[in-house]
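Asks: Handing you a structure now.
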Amino acid sequence: VQGKALLFIFVLGLGGTFQLGNHLTLISSPTMFIKEFINSSWTQRYGGAPGESTAGMIWSAVVASFGLGGLIGAISVQWVTNYLGRKRAMIWNNAINIVASGTMYTSRLANSFEMIMLSRFLFGFTSGLGGSVHILYLGESSLKELRGMVTLTVAIFLATGKLTGQIMGLSELLGREEFWNILLCVPAFFSVIQMATLPFFPEAPRYLLIEKGDTEQCRKALQFLWGPGEYQKEIEEMLVEQEALRGQRNKTLWHLLRDRSVRWQLLTLVVLNEGIQFCGNPGISMFSFSIFQEAGIPVDKIRYVTLGVGISEMFTNLTCGLLIDRVGRRVMLWAGFGAMATIMVLITTMLLLKDYSFWIPYITVSLIFLFIICYGGGPASVSPPLSHEMFVQSYRSAAFVFNGFIKWANFSIFGFIFSFLLAGLKSFTFLFFSCVCLAASLYFFFILPETKGKTPLEISEDFRNIRVCSSTTNDIRLETKL
């Protein structure tokens with residue numbers, strides 16, 4: 001690449017899904033310190049310690065505020081990007097993140113747990129909005145032949161953000177009681193970097209041409225990002241899409257849900273999000289301590305095993321970038337989910353046998369690492385490019401609202417029910433995850449058409465022509481495995 005695309009991908013990632021990954025893992029290390037601060041703040045304010053139910057309710061509000069903010073941020077993406085554009089939306093999102101960090105830092109000085117709730121809500125909002133704008137901006141700036149590899153970096157930055165949060169939360173760094181408010185402000189540093197550098201990069205080329213009708217600025221943006229050239233082929237493809245959408249306004253979420261022509265894309269988004277959220281990986285990330293303790297790993301070794309899991313996911317995503325535009329999305333999805341279903345059955349078996357030999361817990365950990373590799377090399381890597389390329393320009397913003405709503409609603413539901421599942425079913429919880437993975441694998445094997453190397457118009461046509469049980473949304477039929 002002769003242009004500045006690599007630098008653009010890096011800068012954009014720092015304010016996008018990297019922030020979400022940071023916020024997901026940074027909160028784990030100082031949990032006990034924050035709970036003690038809440039008790040202390042309440043005692044100083046009201047002259048007595050809060051009851052157990054009151055303290056639990058306050059902590060639940062702190063946790064839930066992040067998910068609520070993420071949900072509102074995700075469903076705001078269409079309005080924000082239509083009003084501000086892709087670039088300015090990212091810049092303002094980072095400004096809000098810096099304000100949230102300032103609120104978090106001063107909460108300790110002000111002795112206010114309400115400020116923690118507010119900052120976590122704002123962190124959630126910027127994570128939900130920034131994650132969606134990140135994929136949208138990146139996908140509309142990439143070339144067709146590199147679209148899979150470029151948009152896959154969304155997953156790489158998410159994994160890197162998680163790993164960075166885990167490292168910064170170590171007691172040797174900022175994971176001590178006197179630093180908890182500073183620890184939770186770490187993402188602001190990366191927001192400042194993006195705010196200082198992103199203004200020097202162009203707006204998304206597809207947005208400039210298809211929505212703004214500015215062919216010359218689109219060409220200049222492509223040349224800035226990808227190097228010298230006329231990019232006539234890319235521009236002609238955008239003009240074809242613009243002509244096909246002429247006279248159509250950007251669809252709202254309501255129009256999207258009522259449109260029969262995109263029903264298969266919406267169903268695919270639902271299956272993909274449900275499969276990712278309930279495959280078991282979010283549970284491993286959120287409740288890794290409990291899971292490794294259940295597996296029989298010594299308590300003092302668990303934090304290092306957790307770091308290893310984060311490193312595995314990051315490097316698998318990096319490796320997957322070399323394969324996604326060769327192997328294709330469909331194969332990586334059904335094979336990834338299928339392998340994960342098998343591994344979950346094996347993990348359940350090992351957890352039941354953990355007391356029979358000292359080496360079984362280490363086999364369990366190895367299987368979890370293998371699961372993370374299959375997850376990072378399959379669903380986690382394919383999700384960003386697939387969710388972007390299934391929709392043409394006029395549908396894309398509304399589709400990201402729908403996608404964000406499902407993702408953050410699932411996040412909230414999963415965070416609420418997983419601890420109960422683990423307490424009630426224990427090791428058999430992983431059989432539930434195995435069934436979800438198997439169902440997702442079958443869907444992608446039999447239904448999903450390959451999207452590699454195709455334009456959004458071609459992909460939309462393939463989805464419209466899917467035939468299942470002699471039913472189709474068009475006279476032209478596309479045969480699938482089913």
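Each Cβ is built from the backbone N, Cα and C atoms, and glycine gets one as well.
Note that TrEMBL annotation is computational and uncurated.
From TrEMBL, for reference:
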- 9-452: domain 'Major facilitator superfamily (MFS) profile' (DOMAIN)
- 57-77: transmembrane segment (TRANSMEM)
- 118-137: transmembrane segment (TRANSMEM)
- 149-167: transmembrane segment (TRANSMEM)
- 179-201: transmembrane segment (TRANSMEM)
- 304-324: transmembrane segment (TRANSMEM)
- 331-353: transmembrane segment (TRANSMEM)
- 359-378: transmembrane segment (TRANSMEM)
- 399-422: transmembrane segment (TRANSMEM)
- 428-448: transmembrane segment (TRANSMEM)
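Situate these features within the shown structure.
Replies: Long-range contacts of the transmembrane segment (149-167) within the same chain, counting only residues at least 6 positions beyond its ends with a Cβ under 8 Å from a Cβ of the stretch, are 5, 9, 13-14, 16-26, 28, 131, 134-135, 138-139, 141-143, 173, 186, 285, 306-307, 310-311, 313-314, 317-318, 320-322, 324-325, 376, 380-385, 388-389.
Residues 4, 8, 11-12, 14-15, 18-19, 22-23, 26-27, 29-30, 33-34, 37, 87, 90-91, 94-95, 97-98, 100-102, 104-105, 107-108, 119, 123, 164-165, 168-169, 224-225 of the same chain lie 6+ residues outside the transmembrane segment (179-201) yet bring a C-beta within less than 8 angstroms of a C-beta in it.
Residues of the same chain lying 6 or more positions beyond the ends of the transmembrane segment (331-353) and with a Cβ under 8 Å from any Cβ of it are 272, 275, 279-280, 294-295, 320, 323-324, 360-361, 363-364, 367-368, 370-371, 374-375, 377-379, 381-382, 386, 426-428, 430-431, 433-435, 437-438, 440-442, 444-445, 448.
Long-range Cβ contacts of the transmembrane segment (359-378) within its own chain (Cβ-Cβ under 8 Å, at least 6 residues beyond either end) map to 155, 159, 279-281, 284, 291-292, 295-297, 305, 308-309, 312-314, 316-317, 319-320, 323, 332-333, 335-337, 339-340, 343-344, 346-347, 350-351, 353.
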Asks: So what's near the transmembrane segment (428-448) in sequence-distant terms, Cβ-Cβ under 8 Å and 6+ beyond its ends?
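Replies: That would be 264, 268, 271-272, 274-275, 278-280, 283, 329-330, 333-338, 340-342, 344-345, 347-348, 351, 379, 418, 421-422, 466, 468, 480-482.
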Asks: Where else in the chain does the transmembrane segment (118-137) make close Cβ contacts, counting only residues six or more beyond its ends and a cut-off under 8 Å?
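Replies: Sequence-distant neighbours of the transmembrane segment (118-137): 12-13, 15-17, 19-20, 23, 27, 62-63, 65-77, 80-81, 86-87, 89-90, 93-94, 96-97, 99-101, 103-104, 107, 151, 154, 157-158, 184, 187, 204, 384, 387-388, 396-397, 400-401, 403-404, 408.
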Asks: Which residues, given as numbers and ranges, are at least 6 beyond the ends of the transmembrane segment (57-77) yet have a Cβ under 8 Å from it?
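Replies: Distant Cβ neighbours of the transmembrane segment (57-77) are 23, 27, 34-35, 38, 42, 50, 89, 113, 116-118, 120-133, 136, 253, 397, 400-401, 403-405, 407-409, 411-412, 415.
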